[in-house]
Amino acid sequence: MSAVVLVGAQWGDEGKGKITDFLAEKANCVVRYQGGSNAGHTVEVSQEKFMLHLIPSGILYPETLCVIGNGVVVDMGKLIEEIDGLQKRGIDTSNLRISLRSPVVMPYHKRIDELEDRHTRIGTTKRGIGPAYADKINRIGFRMGDILTGGECFRERFKAQIEYKNRIMEEIYQEDGFDYQQMLNEVLGQAEQLKKYLADTSYLVYTAIKEGKKVLFEGAQGTLLDIDHGTYPYVTSSHPIAGGACVGTGIGPTNISKVLGVAKAYTTRVGEGPFPTELNDFQGEILRDKGQEYGTTTGRPRRCGWLDTVILRYAVRINGLTDFAITKLDVLDSFSTIKICVAYRYKGQLLTEFPNNIAILDDCEPEYIELPGWQEDISAASSIEDLPLNARAYVAKIEELTGVKAAIIAVGPKRKQTIVNSPLFT
């Protein structure tokens, strides 16, 4: 059995797409287990960049089964656009499968998300993700299978839901409502286009694992954005953590063999919320510019700061990480001195564990250690021995502070710019 869960160990944008793409070459099956079109993965292959939002990064390998699990909320229009975009570039999408249980992001979810964000200022992507998950929990949402097999029952439920959403639009937001027939036609048309991809994906993935195939579970966002274990309320509406892989695909935890945490060699965050190691100076600008820290989905500039190992230790605990993949080590090439946060200082007290309260986190000051930089280009390194001594010492310090080995080190965006210290798939 070889089933690996890949999770973001920070606030998302850790480079999961690149690592997933790299591992997918050896995987028989790649599975997305949560999130929606709010996620953004950039994969660079042969001088081409592919920006994926819903489709697993393994789609670039023609022999790899790619699964969108039941934990993913599906914007059918965006998914069709993504499929069409890949096909126009010569990518075969026939190996894609979508769970019949996947909740659907309706047009009204996106409009309500946009209106609600004006008041909450949580900094959502306005893709309708939160409202879609809310309807799922309230048991008033629609699944992919409902639309195609529901018939008159679906139409009646959908009409009632439009009437309900229209009351919300008119009475709460003082906005015009939605046209039932127009939206019904749109939704049914999109579902028909995706019909050939629908399947009982839990059974497909379970069978693949039992047959000894290599399965990679691909998370979106990151540990600190988890709805329960992240910096609430500045979080996403799903479970990016390793436990979410089981719930979001219908696979039991005993089927998982390894959990890989992807972490940048520094830290970034998008949107609102506390960020203890944030750099609001020229060093932060260097990280942003060299790391091209702009959101794949929104284009928003990311907030940048030094590596925070308090966060990483928290990710180790929450996810049960067995290995790390350290990405964008090359972004630190120009620094003469590099800082690592090892603890927080809160009202005179030293905190080595991540606080549960964001009000406390917001008042925390980082406690740093300093390491000498290497100040040379490492983008051509293909083994740990190729790295300068100071770069190796930096990685070793991360391993020491977290108690987890770095199985993978990325020194650039391309597949070949990846150092493997220990194989993930056996």
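Glycine too: its Cβ is placed from the backbone N, Cα and C atoms.
These features come from Swiss-Prot:
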type: ACT_SITE; residues: Asp13; note: active site, proton acceptor
type: ACT_SITE; residues: His41; note: active site, proton donor
type: BINDING; residues: 12-18, 40-42, Arg302, 328-330, 410-412; note: GTP binding site
type: BINDING; residues: Asp13, Glu14, Gly15, Lys16, Asn38, Ala39, Gly40, His41, Thr125, Arg139, Gln221, Thr236, Arg300; note: IMP binding site
type: BINDING; residues: Asp13, Gly40; note: Mg(2+) binding site
type: BINDING; residues: Thr296, Thr297, Thr298, Gly299, Arg300, Pro301, Arg302; note: substrate binding site
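Location within the structure of each feature annotated in Swiss-Prot.
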residue: Gln221; record: IMP binding site; Cβ contacts under 8 Å, 6 or more apart: Gly8, Trp11, Gly12, Gln34, Gly35, Asn38, Ala39, Thr236, Ser238, Pro240
residue: Arg300; record: IMP binding site; Cβ contacts under 8 Å, 6 or more apart: Val270, Gly271, Tyr294
residue: Pro301; record: substrate binding site; Cβ contacts under 8 Å, 6 or more apart: Arg288, Glu293, Tyr294, Gly295
residue: Arg302; record: substrate binding site; Cβ contacts under 8 Å, 6 or more apart: Asp13, Thr268, Arg269, Val270, Arg288, Glu293, Tyr294, Gly295
residue: Leu329; record: GTP binding site; Cβ contacts under 8 Å, 6 or more apart: Ala265, Ile378, Ala391, Tyr394, Val395, Ile409, Ala410, Val411
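Using a 10 Å Cα-Cα cut-off from Gly15 (GTP binding site), the recorded positions that qualify among His41, Thr298, Gly299 are His41. Thr298 (substrate binding site) has Gly40 nearby among the binding-site residues Lys18, Gly40, Thr42, counting only those with a Cα within 10 angstroms of its own Cα. Across the annotated binding residues for IMP (Asp13, Glu14, Gly15, Lys16, Asn38, Ala39, Gly40, His41, Thr125, Arg139, Gln221, Thr236, Arg300), the two most widely spaced Cα atoms sit 34 Å apart. Here the CA atom of Gly299 (substrate binding site) lies 10 Å from the CA atom of Gly40 (IMP binding site).
According to DSSP, Gln221 (IMP binding site) is assigned to coil rather than to any helix or strand.
Looking only at Cα atoms, Thr125 (IMP binding site) sits nearest to Gly299 among the binding-site residues Lys18, Thr42, Gly299. Packing around Val411 (GTP binding site) is summarised by its Cβ count: 26 other Cβ atoms lie within 10 angstroms of its Cβ, all protein chains included. Here the CA atom of His41 (active site, proton donor) lies 8 Å from the CA atom of Lys18 (GTP binding site). For Thr125 (IMP binding site), other Cβ atoms within 10 Å of its Cβ number 23.
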